């Protein structure tokens, strides 16, 4: 009787138990994914998109505060897109390259210590190379994200002749885009969505309000 139960346990239930073990292993592998590996390009992309949205919209609203001509707003926004994308790419490239130099120098110092005390595995060296920051990737992600973000206020204002409606469309479009980018960045990095959205949304509103208000103040003083 005991042997039959043993056979039943081994024969009948061994396959489901193995399946459960495999499923648990797969789930563990998915849950153990290191989302910090995305931090380099994700930070550059989110920063670039938010900067493109807010800075371009703020420039357009600032110019619109003293000059309601649609052509002036569009030209200002386009100039802000090109200048901002180039600036973000160059700044990100220089910054990440500096970080790369520091990490490579540190890796060389650690390699000398290991070579003096024992063998160094090839797998460890490959992992270190993969973990190093990529300046070109960060610069490209930042510039592309900035351009995508900057296109939102430009498209929102391009076909609206009425000044008040145009300003409202720019603010609304930028606000919606900030919410989307905030959710996207939080989802990719497995971070709290609500907190991320609130940060980028109120930060964008504040930047646009300050730019519009100060430019309006200077324009009303007769300097336009």
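Glycine is treated like the rest: Cβ placed from N, Cα and C.
Copied from TrEMBL, the annotated features are:
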| type | residues | note |
| --- | --- | --- |
| TRANSMEM | 41-63 | transmembrane segment |
| TRANSMEM | 70-90 | transmembrane segment |
| REGION | 111-134 | region 'Disordered' |
| COMPBIAS | 111-123 | compositional bias 'Basic and acidic residues' |
| TRANSMEM | 138-160 | transmembrane segment |
| TRANSMEM | 167-190 | transmembrane segment |
| TRANSMEM | 196-215 | transmembrane segment |
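Most Cβ pairs within less than 8 Å of the transmembrane segment (138-160), among stretches 41-63, 70-90, 167-190, belong to 41-63.
Long-range neighbours of the transmembrane segment (70-90) within the same chain, counting only residues 6 or more positions beyond its ends whose Cβ lies under 8 Å from a Cβ of the stretch, are 47-48, 51-52, 55-57, 59-60, 63-64, 139-140, 142-144, 146-147, 150-151, 153-154, 157-158, 160-161, 166.
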